[in-house]
Amino acid sequence: MSSEVLDVVVIGAGLSGVAAAHELFHKNAKLRFVILEAKERIGGRTLGTKLRTSSGEDFWDLGGQWIGRCQPHIYSLVEKLQLKMYEQSCSGKKLVQLDSAGSIMQYTSDIPPISLLALLELHCFIWKVSYFIKKMDSKVFMSSGLVAKLDGMTVEQFKRSYFWTQGAKNALDSCCRCIFGSDPVHMSMLYFLMYAHRSNNFEALLSCKKNFGAQELKINGGAWQICHELMKQIPGDTLNTSSPVVSIDQKQDKHVHVRVLNGTVFVCQYVILAIPPNEICKISFNPCLPLQKFNVLQRMPVGCLTKIIVTYAEAFWQKNGFSGEVLTSGANGAHPLCVVFDATSANKNPALVAFVGGTQQIKFSSVQESSRKSLVLETLASFFGAEALHPLDYMEKNWNEEAYNGGCPVNVATPGVCTTLHTALSRPFYRVFFAGTESASRWCGFLNGAVQAGHRAAHEVLYNVSPECVTDKDLVDTCYANEEAQPTNELPNATPFCKLAIITFIAASLLAYKRFFT
């Protein structure tokens, strides 16, 4: 057991945990804290890799990579870290492959070349989603029967009630597989709407438009650098890798006892838990997590996603007038891809990035590695020509094989839990506070959400341990923003129960005496 009583233990050295630790240190450099990371590395769902290029080697992201000017928390942080950014290349002809025949269509405008009826259905769907998003700011709407109805149905059920054409259905399927790593049949419609609401609107989720889209910008050298740059500004002895947490005990004394797999126990005043919901469920809590929170965590399975980077000697797609962007439903099972983008680096080394998500990813991962590579390259060749068959390098990352993540890009809520999701994930549990992108109120599931949630959890802890270090602005999106949302931070003990039992016994005795002897 560690002899020192720490102020804070941060669990998880992904972007959210490191952002929380950085904010703690930035606000109060005297705080005693450690970061416990289960893996041998930091970064969580961000990860960089070197690949061969015509000029040698270059870095690419195998995890989260995009940011946008519309994402204030991550954009501001990247600027402060003085990491350079560059625009996502999206000029040129785009491709869609959404009909059952696998036809590949080209377009240059914002309107894809699918049937008029399918376009009308998609337009009506987006309008309906936008309508619901605007309503979500109303407490009256969020407590209405319609919200409960939306939470009781899957996106698939909603889709079938609105869409008749296969093109519109396939378009939504492909978007869900890429954005969530999940098929519409597994996802609550209310969760889908809440996710879009926290990202301002649905259309921004797969857009590279300036000041609008989530795929607007990339970071020179990769987004994986963000965690490493933040760690450079935090004392190095605070980080403990290869330290998976197995239990959090809040009942032994006036402190929290955090035990890691090797038996070491860290004693602290407060904990920030910054790991995915599916990983929280693996930790033993004493006392147990509230049933509402545990129920939400258990019913948020992690997405299934494989990300693929392919480097080339020449950007032949650009030479032929293509942007590199493809939205595909898989040509009725002919291939597994759902989305392709240009991935040319800041050093002008050409590459394409492709995603395989949802049930297609599960099937894809069961295929032998050599066959997977051939299938991907042949699919890219069907879009951009035979030059795609001759890459300089090829790398795929199956995030479901990543220990202590179990999947990517985000955990998805199944029907029936979203009516409490917006508060259950971020609500503190005595002295344990929760970060992680899933708990974010802005751009949940993105790098921005990770930073926002990390900063929010840090501010909540600071409010308790050194309140003079936080401002009213810091507390705006915390549980302390209004009095009725404040948690109870006193550790649980048996005294209240004993008092209640005594009072109940006395009341019952008086009632019995009155009934039988008067």
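Note: Cβ is positioned from N, Cα and C throughout, glycine not excepted.
What TrEMBL records for the FAD site is Ser16, Glu37, Ala38, Val245, and among Glu438, Glu460, Glu468 the residue it adds there is Glu438. Rounded to the nearest whole angstrom, the C-alpha distance between Ser16 (FAD binding site) and Phe355 (substrate binding site) is 24. Glu37 (FAD binding site) counts 26 other C-beta atoms within 10 Å of its own C-beta, drawing on all protein chains shown.
Counted over every protein chain shown, other Cβ atoms within 10 Å are most numerous around Val245 among the binding-site residues Ala38, Val245.
Taking the Cβ of Glu438 (FAD binding site) as reference, residues of its chain lying under 8 Å away and at least six apart in sequence are, in sequence order, Pro276, Pro277, Met300, Val410, Asn411, Leu425, Cys444, Gly445, Gly449, Ala453. In this structure, Glu438 (FAD binding site) is part of a helix by DSSP. Look at Val245 (FAD binding site): DSSP puts it in a strand.
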